[in-house]
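Participant: What follows is a structure written as structure tokens; I'll ask about it next.
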Amino acid sequence: MSAIVLGNLSCMELLSDLHDSMIKVSVQNKKRWQLAFATIYCSRAFLSRFKSRSRITASSLDQISSNRRKISPDTSSRIVIDVVQEHHLFSGVDQSSLTKLVKEKRVDRLAEFGGVEGIASSLHTDQQCGIKGDPEDIESRQEAFGRNTYRKPPTKSFFHFVWEAFKDPTILILLVCAALSLGFGIKEHGPKEGWYDGGSIFVAVFLVISVSAVSNFRQNRQFDKLAKVSNNILVEAVRNGRRQQISIFEIVVGDVVCLKIGDQVPADGLFIDGHSLQVDESSMTGESDHVEIDLEKNPFLFSGTKVADGYAKMLVTSVGMSTTWGEMMSTISRDSDEQTPLQARLNKLTSSIGKVGLAVAFLVLVVLLVRYFTGNTEDENGNKEFNGSKTKVDDVINAVVGIIAAAVTIVVVAIPEGLPLAVTLTLAYSMKRMMADQAMVRKLSACETMGSATTICTDKTGTLTLNQMKVTNFWQGKESIEGKNHSVIASNVLELLHQGVGLNTTGSVYKSGVSGLEFSGSPTEKAILSWAVLELDMDMEAVKRDCEILHVEAFNSEKKRSGILMKKVEDGTFHVHWKGAAEMILAMCSHYYDLEGNMKALNNCERTKFDQIIQGMAASSLRCIAFAHKQVSEGENDEHKTIQEKGSTLLGLVGLKDPCRPGVKQAVQDCQYAGVNIKMITGDNVFTAKAIATECGILHPNQEANDGSVVEGVEFRNYTEEERMEKVDKIRVMARSSPFDKLLMVQCLKKKGHVVAVTGDGTNDAPALKEADIGLSMGIQGTEVAKESSDIVILDDNFASVATVLRWGRCVYNNIQKFIQFQLTVNVAALVINFVAAVSAGEVPLTAVQLLWVNLIMDTLGALALATEKPTKELMEKRPVGRTEPLISNVMWRNLLAQALYQIAVLLILQFKGESILGVSEKVNDTLIFNTFVLCQVFNEFNARKLEKKNVFEGIHRNKLFLGIIVVTVVLQVVMVEFLKKFADTERLNWGQWGVCIGVAAASWPIGWVVKFIPVPERPFTSYLSLKNLRGL
């Protein structure tokens, strides 16, 4: 902060007076006066006016210099000094020195601060209990060190999207035509009358641009909201001795944060304590090797990196823009211009139709120009428009501009730019609704791909079940201890159980005066801890005081166990404790404790009995966890830092009940009815897996065990490639699976042509989530690594939400097909009518403004109406849509050709015979054609709601937006015809003429109903047009 010291005494006295008055300033005004404080402070120090309060010494100036602060001497009586201002509550540390310390990984510099303890002390942080965490404490830390947010690049403004819309070549051509038409019109007819033609085109073009810009702008805002939600990660921090989950944005310098496998490091900081901590720093350094973090050699942790193994506590030293991650993220903007596969296919379709439109427009242009210059066109008075040299140049140019405008407008109508807009709208709408249905879309393409899913591979815990674990069974030796009768457990075994539960855990117990005991950790850890504390009377703090943990082997999904090496403080003996999947722990044991606390050998006969106990619990849908112990000598574990496995003694078995989620059986049945196979992939043993799968409806109760529907991971892994490909379709349940087995199954299913969705929550699930067509991560139990590898985050971890995502995926595809049918009907009808009329009569029945209005109805209002239809039950009654199937199905061809042919026939009759049939003038007849054409589209919009069902009005009362758009369209059409005569080039119609228009347009309903009785072949119509088939013919 700069302090300007003026060399005269009067200024110094003024500053002194200011200082005295500052004492009386309220706390609220403190920020406003910070600059004045610093100025007075530095000036007094510099002039040595109050030596006792001066803090600028040679050493502190060196400190200032090292932190890139400038000391700028001046030859005048004024000197500028930049000083690192320490916060009055945190002496000895400032933001720049803490930031530099971690960024440069200076262990020697850390020692100068007194190590991690010294920095924690300066930040008023207790390494075990964390910060106070009250509002005043948080505010003072944010004031001193900043917030854990970063500057975001400016979002795209509304005018950016207006400019993007202006760049459309057809819009630019129309604007040029409008400008020329406006200029010549004013020149010929004067400002009062001459602006109508050109001005009308201008207004219509700007209306199209505005609607397009608003749609894109709203979608962009939708992505911004999504980014905020996806970036709001929950972090476990210790405040006032209590472990609690807080938003990553609420982390402050001084916080103690708990890290486990899969977590993202929320800020820069220092390692306090932990075990086997390895961090993936590839996001920062590009190096793929994991970095080991420890207290002595490398205690530095960087924001944005991921925990690859182990667990730890860290002290936060820098947040937000003071971290390298913050600086990097502030320069990166989230790009919402991602193009989905469906959008890519639609762009190709748009391009193909556009080429046809261009060809037609060019033909119309040539025909109209030839007819004009050969004298075959007449003006309103029946005179030839072109008489060679007699015709004024202005009239020729005006006529040519009008012809070009008509041709260009045909191109505008012909090019269905509404198709990509419809996809954008339906995706944005479905994303918003899916968010309400507990599914957050991270990747747009997943929305539509989910509609084609043929197989869903799901986890068990937390997805099919509630993930609310509770210990319901405990076996000591071969005896089951029922209820709370734990006094029968031998004291020596009870002590070992306390050690095994209290030390070999990543959970914690917090004693709260208000709510009693609070347990934190994973659901399994919380269940075991609460059982040990409430039923075995374990005092976790006493256990930790009496024992010292020397080494930890953290739990991972491959080994399915965790272990510790500990030393008893009392007698100096060394002990190993293991906890994990019952059959894995049992395989490590050579002895067991009986109910009296005696150690007995575990022979084959006894081992079989324990296997039966485990199988019995598993068959009751219980998760079986075992505890084992072994006393070791001091040097046994020193060689390779590994914990001994063999020769352990079994302490006991616990069974944890995790009930199935309500509604999950119905969701599974819905998916199966929709032609989607459900496969359960779990780490639990085969008996637990079968019991849960039967309960959820994935397996039938009477299904044979040896029919290949249930396998274990190791068995599937050991199949040959051919065996796997042969059996993978039959498999319904895979038990004791590793993440590699899940990946292997996904690869096999994809090779067989399946579209695969996979759920996952662990760090090791990331490869399978990336490999799958749709990766679904869990919002509650999922690690940050899993979420970043996924396409959709299931926020409530519920399988029913997975089924909802499937329904929405099909809805997206179905809505796009509805709009394509509606859009192409208009395209075909408009092109044919304009082309035939131009070639035969030498004029286009629909003017540029009228065609632009039709274009607006089709592209924007039509897209909005049809793209926001909600999922219906019949969507789940069809088979999955293959990803190679054509967008325009045979059913759609049947529907759109019938409607288009009807519209063409009616409008051409009106064009050539309308005046004589209805006895009206040419101007009224043109208005009738325009009005009938628009109303045909309004009625056909209802037909497009249902591609196959005959009742197109079903559920229409629930879609308020659709009804609103129909009403708005009709009202605007009435305004166009009745009130904007000069703007739209129309004549007022009487009630009878309106009745004729409505009657002709309404006939599209019975036609649509009758046409749906015509059967269509399964084979796509376009396949008959392929080169191979033509050669065959």
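The backbone N, Cα and C atoms fix where each Cβ goes, glycine too.
Here TrEMBL flags 112-186 as domain 'Cation-transporting P-type ATPase N-terminal'. The transmembrane segment annotation in TrEMBL covers 169-186, 198-217, 353-373, 396-429, 824-842, 848-867, 961-979, 991-1011.
Set these features in their place in the structure for me.
Facilitator: When pLDDT is averaged over the domain 'Cation-transporting P-type ATPase N-terminal' (112-186), the result is 83.
Outside the transmembrane segment (353-373) by six or more residues, the chain places 385-386, 399-400, 403-404, 406-408, 410-411, 413-416, 824, 827, 831, 834-835, 838-839, 842-844 with a CB less than 8 A from a CB of the stretch.
Within the chain carrying the transmembrane segment (991-1011), a Cβ under 8 angstroms from the stretch's Cβ atoms is held by residues 894-895, 898-899, 902-903, 906, 918, 920, 924, 928, 931-932, 935-936, 938-940, 942-943, 950, 952, all 6 or more beyond its ends.
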Participant: Using a threshold of three or more Cβ pairs below 8 Å, and leaving out pairs closer than 6 in sequence, do the transmembrane segment (961-979) and the transmembrane segment (198-217) count as in contact?
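Facilitator: No, the stretches stay apart by this measure.
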Participant: DSSP helix, strand and coil counts for the domain 'Cation-transporting P-type ATPase N-terminal' (112-186)?
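Facilitator: Split into helix, strand and coil, the domain 'Cation-transporting P-type ATPase N-terminal' (112-186) gives 47 helix, 3 strand, 25 coil.
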